[in-house]
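Visitor: Following this message is one structure expressed as structure tokens.
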């Protein structure tokens, strides 16, 4: 659906609820993201290299007197209302908790808010690992900034959204998704240091190539469970390492030489988890340099190395993701591929020649369907502008 049609749907939804003055309408948008490389490193204070993608969440609304907030989701055909003095988690409306959490954090930070009515619609596939929830949080935050005249450092806004997801929604996410959604730029990747929250823009010029995401269409039940297990394993490994190396504050600060000396203490499983984090951080640094040099062949090889580490050392892949990666790599025009996201479902990310995209999608789709009886979804992505305020026509 084109942007104009989406905006018109949002306006019609609001007109059914309030006497809409289109002059006072505020429309905020925030992007989904694709992580080029740097998987399971953000919560270990490591390095990541995402892009904001050209799919987004829109929040259109108007400020109201009083303290009542009403949110409408066009995607879920659902509505919630709550008072600013009584913001509580509601398991009956999971989507709304991401928005409510952001409003709660803004209030806790001392921002002066009043009531508002907003309609929400997105075109980021849910459950595919493209961070639709982070985009919802950032879109709501961007709406609040504009609606109430708030001037906040964009990095702080991203961190507030992380705080909302951690503390209100109860999802122990890292910072990457919200940073990419809020701070992303067109034709730029975002190199983020998750230890000090610094970031750097890296030119993302693919010169005849595209990022192709392939959604495995697997359920995400196992993904969240295993994600929490991997986080716990990393924390366990860090605590064991600190007993011998008290100067190590995070896995990020370990070296592969130190890991070799500590492997016996850690045991095979935890040593493998740490080895992935350390090697993945190195791959992120190499990927950043490859992009700066325009060396797409090197970037593609790094994606493959990342997948092998996620499969072998971090053990978060699955037969379906392995099939998509391995089949893709056999096809002419694919420079690199890996699983993307938490694992056990979601997408693979592929670096492909532009003229080969249709053939690759056709061959991958048919092969995957024959093997697993599932029909994958394909998304061709570009590095796009992160959060912004739109000026819709009246």
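Any Cβ shown, glycine's included, is placed from N, Cα and C.
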Visitor: TrEMBL records 39, 40, 41, 42 as substrate-binding residues. Which of 227, 368, 379 is assigned to the same site?
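Guide: Site partner of 39, 40, 41, 42 for substrate, according to TrEMBL: 227.
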Visitor: When the pLDDT values for the domain 'GHMP kinase C-terminal' (288-366) are averaged, what is the result?
Guide: 97
Visitor: 39, 42, 177: which of these recorded positions has the sparsest Cβ neighbourhood within 10 Å?
Guide: 42
Visitor: Would you mind splitting the domain 'Galactokinase N-terminal' (23-60) into helix, strand and coil residue counts from DSSP?
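Guide: Counting residues by DSSP class gives 5 helix, 26 strand, 7 coil.
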Visitor: Near the Cβ of residue 165 (Mg(2+) binding site), how many other Cβ atoms are there if near means within 10 Å?
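Guide: I count 24 other Cβ atoms within 10 Å of it.
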Visitor: Excluding 39, 40, 41, 42, 227, please set out which residues of the same chain place their CB within 8 Å of the center of the CB atoms of the substrate site, keeping sequence order.
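Guide: So the extra residues in range turn out to be 38, 43, 44, 46, 48, 174, 230, 280, 342.
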Visitor: Are any of 33, 39, 40, 42, 165, 227 (the recorded positions) within 10 Å of residue 132 (ATP binding site) when you go C-alpha to C-alpha, and if so which?
Guide: 33
Visitor: Would you mind pulling the DSSP three-state label for residue 133 (ATP binding site)?
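Guide: DSSP call for residue 133 (ATP binding site): helix.
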